[in-house]
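If you check Swiss-Prot, you get these features:
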BINDING   Asp14, Lys36, 64-73, Ser120, 172-182, 197-198  substrate binding site
ACT_SITE  Lys66  active site, proton donor
Amino acid sequence: MYGESLVKLMLALDVMDEKKAVLIAKETSEYVDSIKIGYPLVLATGLNIIDKIKEATNKEVICDFKVADIPSTNEKIAELTLNHADGIICQGFVGSDSVSAILNVGKAKNKKVIMVTEMSHPGATEYLQNVAEDMAKMADRLKVDGIVAPSTRPERLEEIKSIAKDAFVISPGVGAQGGNLSDVLNVLSENDYVIIGRAIYENENPKEMAKKYRMQM
């Protein structure tokens, strides 16, 4: 890892080509702490892409599947995913039983379970924002490992973080979505993550862009 920083950098790698994904992951691995992949890459390439990225980078890989189903289905998705990945992201709005089903799998496999409270896009203010504090309370009660809260609205990030005190935060929205890194760093603390995706992987030189963000942290 390049230098020392209290706040960690998570690369959101939402490309759909296997070779490109592995190359970018490997090139940026010196400057990132964790790599987050989602449905675009896994649906295009299969679950084995997780193992390939881990092997190429020696970094943890978190699957951002935002799992949101009934408990029995959530359990199956978590089982399949966590046979490969180091962690999985689920939605909180489906309720405590559905989240607990994933938590049980995570605990059995010693893997991270991260729950969405409020997303970073404008549409999240229409519905999710109204129940984000309640979901943060649920995250605190269930003792999830981490929560998702938005970099695009630092005041919301701060409020949600103050509720789920024991969970680490992963915060999307810096870069292409317009979130300000300095504002976010004023809120986040040790063991929290800033998530940056397109600003790095769409750049002509992803390695240099990852380094640039790391040096600002």
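Every residue, even glycine, has its Cβ placed from backbone N, Cα and C.
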When DSSP states are folded down to helix, strand and coil, where does Gly179 (substrate binding site) land?
strand
My understanding is the cutoff is Cβ-Cβ under 8 Å with a sequence separation of 6 or more in the same chain; which residues meet that for Lys66 (substrate binding site)?
Ile89, Cys90, Gln91, Val116
Same chain, 6+ residues apart, C-beta under 8 Å of the C-beta of Gly175 (substrate binding site), given in sequence order
Ile196, Gly197, Arg198, Ala199, Ile200
Three-state secondary structure, which DSSP defines for Ile70 (substrate binding site):
coil
Return one of helix, strand or coil for Asp14 (substrate binding site), based on DSSP.
coil
Packing count at Ile70 (substrate binding site) (other Cβ atoms within 10 Å of its Cβ):
12
Among the binding-site residues listed here, Asp14, Ser120, Gly179, Gly197, whose Cβ has the fewest other Cβ atoms inside 10 Å?
Asp14
